[in-house]
Structures are given as structure tokens and as C-alpha cells.
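Participant: If you look up TrEMBL, you'll see A:1-111, A:167-281 marked as domain 'HotDog ACOT-type'. Taken from TrEMBL, the feature active site applies to A:Asn9, A:Asp198. Taken from TrEMBL, the feature region 'Disordered' covers A:293-325. What TrEMBL lists as compositional bias 'Basic and acidic residues' is A:296-306. Annotated compositional bias 'Low complexity' per TrEMBL: A:316-325, in sequence order.
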Amino acid sequence: RIMRPDDANIAGNVHGGTILKMIEEAGAIISTRHCNSQAGEPCVAALARVERTDFLSPMCIGEVANVSAEITYTSRHSVEVQVNVMSENILTGAKKVTNKATLWYVPLSLKNVNKVLEVPPIQYVRKEQEEEGKKRYEEQKLDRLETKQRNGDVILPVINPEPHTVGYSQSSLIHLVGPSDCTLLGFVHGGVTMKLMDEVAGIVAARHCKTNIVTASVDAINFHEKIKKGCVITVSGRMTFTSNKSMEIEVFVDADPFVDEPRERYRAVSAFFTYVSLSKEGKPLPVPQLLTETEDEKRRFEEGKGRYLQTKAKRQAQMQQSAQQ
Amino acid sequence: RIMRPDDANIAGNVHGGTILKMIEEAGAIISTRHCNSQAGEPCVAALARVERTDFLSPMCIGEVANVSAEITYTSRHSVEVQVNVMSENILTGAKKVTNKATLWYVPLSLKNVNKVLEVPPIQYVRKEQEEEGKKRYEEQKLDRLETKQRNGDVILPVINPEPHTVGYSQSSLIHLVGPSDCTLLGFVHGGVTMKLMDEVAGIVAARHCKTNIVTASVDAINFHEKIKKGCVITVSGRMTFTSNKSMEIEVFVDADPFVDEPRERYRAVSAFFTYVSLSKEGKPLPVPQLLTETEDEKRRFEEGKGRYLQTKAKRQAQMQQSAQQ
Amino acid sequence: RIMRPDDANIAGNVHGGTILKMIEEAGAIISTRHCNSQAGEPCVAALARVERTDFLSPMCIGEVANVSAEITYTSRHSVEVQVNVMSENILTGAKKVTNKATLWYVPLSLKNVNKVLEVPPIQYVRKEQEEEGKKRYEEQKLDRLETKQRNGDVILPVINPEPHTVGYSQSSLIHLVGPSDCTLLGFVHGGVTMKLMDEVAGIVAARHCKTNIVTASVDAINFHEKIKKGCVITVSGRMTFTSNKSMEIEVFVDADPFVDEPRERYRAVSAFFTYVSLSKEGKPLPVPQLLTETEDEKRRFEEGKGRYLQTKAKRQAQMQQSAQQ
């Protein structure tokens, strides 16, 4: 579809969240279709996890987004989908890869939302594809368990914060979950949640550096808890780390089943977003360093640095690998 | 994309206007891409005309709309696009043709919106395709000239109208044209206009028969005049004809360039929509007969009857033809 | 237009904010049209004030909202518009007055947004209409000056608040101002701001009483400061007073011109919203009493009680008056 002014920031760059939402919708369609391809209980595929995603080049207003999705692995109860997004300038014909994402879905019964159904197996062209898929499956399973144990951090407000401290840019928004946000089962689409998370992360980044910012990457996101129609969700973000030219923002989503339900507020999702600041010519600008004050802030900064160096090392290894091929 | 609650009426049937909007977006993308495929002045394809369209089967919330578009003819200054819409129930896998539409676009220069550029010719597989296309081109050209001469009728409000008279169901809405309604040139997307027209026609039909109604068909629509960002558009509809099971509604779009422009309000588009009333089981219901009062209303009723009988005769001829094949 | 699922809460009642937004759009159109009706500098009418508005009966999904607007007074630099909203059930034909609102607009030059232009005078049918309008004009002018002097209160967060205290239900949201939120001048439509304010007030009310709630009335709102495209706005609400069956919520809007501008965060608007809680049959329910803890909270509660009693007295006086007529 054509990118509209509402999909973009004032510099004309399409929000990463708009792209994440399109990716998730494509993944939900292909995996729901696959899981219902054999006779049996009807089901809806629910997003369980999105692997780390890099935004390779920004998309602009007026460009057309081409989204293609393919099922690349199935386990007994989950489906791995690979989604590619290309931006196309229909005036010049130029096409660019915007990003590639890997998503995991789980089929939930339409009759009983707590029942996970079985996934029809796919056929692999080569035997290795199945083995590689299984490896990816095991890896993400481990990672999901890990984040489930991370306990609920809370973002506390700060009065009169100094510029460039954590408190200075931290932000949160609330959103009342409406019918258009939800799947047939009455639970929020993963893509809607990711769009709100990117919105908060973008505001945190812009408050910190006061320039035009774009999403550079999103770390793996695990969806442990469903969010129901009628909930109020609070999406909060705080900066955790800055390198010379990038900012890492941690985002939390808390759900509040606020009418007619006995349940307490709970942490539904959390994730790390990385942003860069761009000049008018589209070049990365240096960003102000984050000032850490408390012990917790210093610890999170070091952890963020660890993730940053790890990603950098991985990328260099990949580049060397492709140079050797 | 997946059909959401906001795309549908309270019975769950997707609005014809939502489908028309998707069709037009697909047509605008493929024809803009084609017109820019050769080096030369960049341009944006603007909708000039939509041929008569039948809605073959209603689409529902939760279904996926598959829209495909193909260029079927090019004249020197215009492009004919054929768009097909299939609805897919991803739970059952069932697919149905929702409708097929033929649209005509004209490339307008990005630098000078009043300049119509040349269209790169397409290659035809068979020679007859070109000839048939040319015939369609000539026919629509004639029809466009004709509607251009139709003068600007105005819908006047009626105080305390009797049930089932024209005044009883006539309706109008106003809409302020915002940035997301517009193309890169700053003019309203034809699809946005058609969606508003369907909304008004639907209100007229529901007021008349007080039951669940759906769009059955839309007569050819000609877009003679562009509508600019910042205009206020008034969309008005009145019933012109009823058969036993269908209602014909005439819809007008008037644009009011109310800031910064010396121009008067002008008639931008007009069209006939046909609606049917559906029972809970999805079967067509009889509709109350339209009571005509004035001479003009009686004349329009007879004209509507003419269109109705003509369409019916055409359809029967087509059915006989396909039965003979 | 037809009310859609996204316009309403989960009980199907249309949000007061959706109605306020429609009212403001109608007011902006009619007053911009009027102010441009004579040759001269083109201008856009900006919302300066909305008088106190009562929501007389809730509107539901599937109903059609009929909005009509009329200019009732003009001063040298401002326009008074009266807007009426009727809800119509198009299946039964039943119509109800939803609310009536009075809005004041000021024409700003399209070339220089800081220049207020002159308003062409309207003709009055009766001389008294002009005098009454002038009286209303003077009254609102006084009230606007008064609220301008009210200083910037800040809502501080509370950790682990007790149920039914002020801290328990207070809420805030942030919103990045996009192109669709803005007028041709690039400033936020007053209606967009009011919709966000109603959203926050509704969440505060629902958090307090955990039942289905609807907007009952909105006190006069003054728009002292424009908000520009690209700003982040923070909308915060806290409960100030409860009677047996109503809740008063104070809402603040702060704007943060966060990219490329030297200006500090500023208070753009503030207002009082009154909510009631409805049973499934649509009858008002008792609401839990607000627990005030600090001196400020107790003072605000007393002030809210004052406003409540004053409104009640006014309404009784009006009822007696109309009974005597």
C-alpha cells in the first residue's frame, strides 16, 4: 500500500512501527491460513515472538510497500514465518529492501482460546532446511523462557530532570484497546502492540536528542501474555544506552483489564528498540551521551553496551563471511 | 488485508466503499508505476473513470481481501486497469470473487498538475486485445463527454417528509479534505471520494427500508474535476428508483475551495449506486416502493427504470451467451 | 456519519470525544467559510473556546449523527457558532438530541498565523439577538481572562495508591501530533485535542469505578495556546470531585515542541469533564466516593462541589422557568 503522511514523521520517514504492523498482519494471514489448511478445529494464529529486525533503509511518504511472507518452518505447535518488505518508488521504479523479519505464531482454537492446536507440517525442498529450522526453533524457545523470568521493572517518574538523564526523556502512553485493534478472538494484534511500542520509543529518542530520528533495529520481542479488548494498555519507554551514533530504548507494555474483571495489571511485553538520528541529507548524526545517575541506570547502560558490542561483532562476522564467499 | 469491524456495517458485511477504496489504490499504484516506467517527466496517475461494477458476494469481518490489478489497454493519454477482488476466509480456505472493476487513469505531471503526459504503450499477446481495448476506450470517452454536460442538480431539504418519499431518505455529509486523503499531487484519491459516496448512499438506503442493506452495484463514475487538499466536500444522496428488490440512489459530490481560492463551489463527481436489502440469512428482501411526488422525481424514476431494465437485459443476454458456449 | 465500533466503548456507547470532534469540525468549517466570504486576506478559523456542554443522551454504534451548525454572533475578531447534534437510529427512524454546543472561533491569516483578521458582520433578524450575543461575548471574554491566570498545576505520580484515592485513578497519555490532526495552518484542530482529553478523562473515570462510564458534560474550555504539528502533547487527568452519581475530572494538556525548537513545554488547555456510570440497562449507578488525602486534594474537592451545586441550581432554575412558561 501507498505510504501516507500519517504513516511518517515530519521529515517524511515512515515510522518503524507502521512497518512492523504491516509485517505482523502479513504473518498472521499466512500462518492462520496454513493452520486451517487441514480439516479440524478452526483456529487463529497468535503472534508469540518476533526475531531481531534491522531497518536497512528508511521508507518515505508516497512510496509503495511490498510485503511478502513465506512459511519457513513448522514445529508441532508453532509456525515460523519469514516476511520481506521492499519499498518501491513508483515514480522512479527504484526498489530497496526495507527489512526482513522472522515471526513465530501459535494456533489458538477459535472455540477455546486457551487451547493450542497442532500445526500441519510443511514440505521442505532440502533436508537441511528442516534441520536449520529446528535449530532456530530450539534457540528461540530458550530465549523465550529466559525473558519470561525477567521480572516486572517499573518506570518511576522524575521531577525536574536534567537534560540527557534517563528521567529527562522517559515517556509513557496509555491506549484503550478498541475493536479494530483485535483479532477474531478478541485479543490485540501483535502488530498493534509493536506500533505503540515504536511510537513511545521514538518519542523517548526525539526527546533525548531533539533531532529527526528513525528506528534502526528492534531486538527480539516475546509475547507471553495476551491482551483483551477493553483493556487499557500503558506503554512506557526509557533510554538504557547510547553509543556515538545510536540510542537503545527499553519499552514495557502493561495491561490493565479495567472493566468487569478481577485480574490485576500485568506485564504483557517488553523489548529493546535502537534508534539513530538523521541529518536532513539522511546521514547519521552523533547523539548526546546518556547521563546515568543511579546504580540501576549504570547497570542497564553496561548491559546495553554488551548488546551493542555483541550485535556489532555479529555483523562484522557476517560481513567477513559474505566477503569470503 | 484483514477486514476489521470499522470496515463493516453492524451486520458484519464490509462496506462497498471500503472495497472501492482498495480497488482504486491498487489501480493507482499499477498505473503510476507503468506511466513512470520510461525515462521522462515523473507523473502521478489520476483516476478519470470507473466502469460499472457489480458486487457479486458480500465480504465479512475477519476475511482477507486479495486485490490483483492488471493493465489491459493504453491509449495515448490514458491507462485501462482491470482489478479483481477475492475474499478469502482463512479459517475455511473458501475463496469467492467479490467484484471485478475496470478503471481509467490519466498521468498528470508531478511538476505541472494541469499537464497530461503520454502513456508508454503496452504489448498485447493477441491483436484482438488491442482492438477490443480501443473499442472500450472509445465507448467510455463518449460516455464521459455526455455526463460532463449533465447540469448541476441540487438536493434541497424537505420539512416533515412522508415515509418512503424521496425527501424522507435523502442525506448529505460534509468532509474536510485532510493530508491522508490525498495523492502526492495534493488532490483527493478517487477511492476516498467513492468511499464517502457509498457511505451516503448506504444511509439513504437504510433510511428508506430500515433493514440491513448492502451495495449491489455502482454505475460508471466519471471524475471530471480534481478536489484539492483543504477543500470541504459535500456528498449528497437521494433515491431515484426502486424495483421489487433493489434501490437506486444518485450521489453528488460538491467541492468548496473555501480558503485562499476565488473559485465557487463546483460539482466534482456524480454517480448511481444500487443497494439491496438482506435478511439475516443473507437473502434479498422486498423493498418499500419509492413514492414520487414532483415532476422531476417522476422523471428520474422513469430514467432509473430505464437503467434498471437495460442492465437486466444485458445480464440476461450475457447469461444466454455463456449458456450457449 | 454512521457511528463505527471504534467510535464507541465496549458497551457500544459513542465516546463523548468523538462527538466533540465532530462538533468542532462543523464549527471550523462554517466559521472559516464565513470569514472568507468577503474579498480580503484568506484565513482559517481557529477554535478559541467551547462553552459548557451537556450530553443529553448517549449515542450508539450504527446510529447516524446529524450535525448542524449556525453562526449566531460576530464580534470584530470572533465568531460564535451554535452546533446541534442529533442521533438517528436509521432502522427505527427514532431521533434524539445528543447535545448542543456553543463555540468561539478567531480568524487567523493564512499568510501570517499570528495576525488576527476582521470578521464580516452577520445580519440579525431581531435587534435583541445582537444584544444577547454581545452579552455572551462579554461574559466569555471575562472567563477566558480568568483561566489564563490560573497557573500551571502539575500531576505528580503516586506509588502504590489506595483504591479510590486521587492517585489511584490519575492517568496520562502522550500523542505525537501528525498531519491529520492539523488544520491548513499546521496547528492541531481543537476537536482533536478535546477527543484526547475525553479519552484520558474516561480512563480516569473507569479506573475509579470499574464500570461502564459515559461523558455527562464538559465545562467551558479555553484554548489559549496553539499546538504545532510535530509537537508531543501530554494529556493528564485526575479526579477532583464525586457526588453520589457523578465524577468530576480535571484534564490538562501540555505541549512539548520537541524537535528543532527552543521553546519549553507549556500548558495549552485545561478543562473539567463530568462522567456518570451506567448500568447495563442504561441507568445511572452510584459511584464510589473519592478519598482525598492532601490539603490540595481537599481544596479541589470543595471547589468541585461548588461547581456541582452551582450547575445543579442553574438546572433547577431553568426547569422552573420552563415549567412556568
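Note that Cβ sites are derived from N, Cα and C of the backbone, with glycine treated the same way.
Heads up, TrEMBL stuff is auto-annotated, nobody curated it.
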Participant: List the Cα distance (Å, whole number) between A:Asn9 (active site) and A:Asp198 (active site).
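Facilitator: For A:Asn9 (active site) versus A:Asp198 (active site), the Cα atoms are 12 Å apart.
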Participant: Long-range neighbours only, meaning 6 or more apart in sequence with Cβ under 8 Å: which ones does A:Asp198 (active site) have?
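Facilitator: Long-range Cβ contacts: A:His15, A:Gly16, A:Gly17, A:Leu20, A:Thr215, A:Val218, A:Phe273.
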Participant: Within 10 angstroms of the C-beta of A:Asn9 (active site), what count of other C-beta atoms is obtained when all protein chains are considered?
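Facilitator: 20, counting other Cβ atoms within 10 Å of A:Asn9 (active site).
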Participant: Can you break down the compositional bias 'Low complexity' (A:316-325) into helix, strand and coil residue counts using DSSP?
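Facilitator: Secondary-structure composition of the compositional bias 'Low complexity' (A:316-325): 9 helix, 0 strand, 1 coil.
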Participant: Could you tell me the mean pLDDT over the domain 'HotDog ACOT-type' (A:1-111), as a whole number?
Facilitator: 90
Participant: DSSP-wise, what's the residue breakdown of the compositional bias 'Basic and acidic residues' (A:296-306) into helix, strand and coil?
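Facilitator: The compositional bias 'Basic and acidic residues' (A:296-306) comes out at 11 helix, 0 strand, 0 coil.
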Participant: Determine, from DSSP, whether A:Asn9 (active site) sits in helix, strand or coil.
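Facilitator: SS state of A:Asn9 (active site) = coil.
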Participant: Please report the DSSP secondary structure of A:Asp198 (active site), reduced to three states.
Facilitator: helix
